[in-house]
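Heads up, the thing below is written out as structure tokens.
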Amino acid sequence: MGGVYSSKKMADIFAYESSDIDWCEDNYRHSEHVVEYFNTMSNFFFFIISPIMLYLLHPYAKERNLAIHLVWVMMIFVGLFSAYFHMTLSFVGQMLDELSILWVLAVGYMVWFPRKHFPSFIKDRSTFSKLVLLITVVATVSSFVKPTANAYALNCFGLHFLYILAVEMRRCTDQKALRLAKQSMALWVLAISCWLSDRFSCSFWQKMNFCYLHSIWHILIAVTAAHSSTLIAYIDANSEIPYSLPGLQYWPCDKWAVGFPYIVLKTTSKLQKRC
């Protein structure tokens, strides 16, 4: 009897629309197998942007630490699990979606958090990474018991990282880095505005017959991640591998600073202002 109950409970959490969350887009409007069609399809931008960023940041990662590639490898899983969640609106899909974001933040925390901001009792990045890994594992396990635990962990990682980034940018005199910071902030504000408006102003957008703000959020947050992670990586490069004289460029058009930002490592010994 207990085995039957467990099997039923397991089936329930995988069932379509077993999540408490339902976004503004009309369900099953474009496909009988996909609950939120555009919210699902918009995640494919993660599959496009992630390989581009892996390629563009490879020279920096090769010099600094190849583990940095894990950030954008994990972003592929963010897109995959988010697509699965919006396709099914299942509880398992929701958990995978949220936990993949947590692990991206955790990996970024491990590889990029500035050494000078480590707690006094931590002396090296290896120890710091183990501590972050432990916290992330505990938050992950706790999320299956109490799903809100993941939200607390996400906010702690995200807000603390934003605070440290703001502190670092105050000391920055590099105009390209400052411009990238402004671009990242503008993109983030636009993205979060779409998320909030879809979540809390759904009735208005339904009257306008435009229920696609969450799918736009997916596209904008993927682009925001490309900009903000490059900014963080640039600060890291100036701190950890200053001898390589890191610089910022844009692909495909550096002249107008349009496209995806990435780090170039210069061979010249010419002095320049850095963060």
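Note: Cβ is positioned from N, Cα and C throughout, glycine not excepted.
According to TrEMBL, the features are:
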- ASP22, TRP23, GLU25, ASN27, GLU36: Ca(2+) binding site (BINDING)
- HIS86, HIS214, HIS218: Zn(2+) binding site (BINDING)
- 37-57: transmembrane segment (TRANSMEM)
- 66-87: transmembrane segment (TRANSMEM)
- 99-115: transmembrane segment (TRANSMEM)
- 127-145: transmembrane segment (TRANSMEM)
- 151-167: transmembrane segment (TRANSMEM)
- 212-235: transmembrane segment (TRANSMEM)
For the transmembrane segment (127-145), name the stretch out of 37-57, 66-87, 151-167, 212-235 with the most CB-CB pairs under 8 Å.
151-167
Ranking 37-57, 66-87, 99-115, 212-235 by the number of C-beta pairs under 8 Å to the transmembrane segment (151-167), which range is first?
99-115
In the structure shown, which of the binding-site residues ASP22, GLU25, GLU36 has the fewest other Cβ atoms within 10 Å?
ASP22
Which residues, given as numbers and ranges, are at least 6 beyond the ends of the transmembrane segment (212-235) yet have a Cβ under 8 Å from it?
23-25, 36, 38-39, 41-43, 45-46, 49, 52-53, 57, 60, 68, 71-72, 75, 79, 82, 108, 112, 114, 161, 165, 168, 172, 177, 180-181, 183-184, 187-188, 190-192, 194-195, 197-199, 205, 246, 248, 260-263, 275
Excluding near sequence neighbours, so keeping only residues 6 or more apart in the same chain, what lies with its CB under 8 A of HIS218 (Zn(2+) binding site)?
ASN39, SER42, ASN43, PHE45, PHE46, SER82
For the binding-site residues HIS86, HIS214, which Cβ has the most other Cβ atoms within 10 Å, all shown protein chains included?
HIS86
Number of Cβ atoms other than its own within 10 Å, given for TRP23 (Ca(2+) binding site):
23
Between HIS86 (Zn(2+) binding site) and TRP23 (Ca(2+) binding site), how many Å separate their Cα atoms?
9
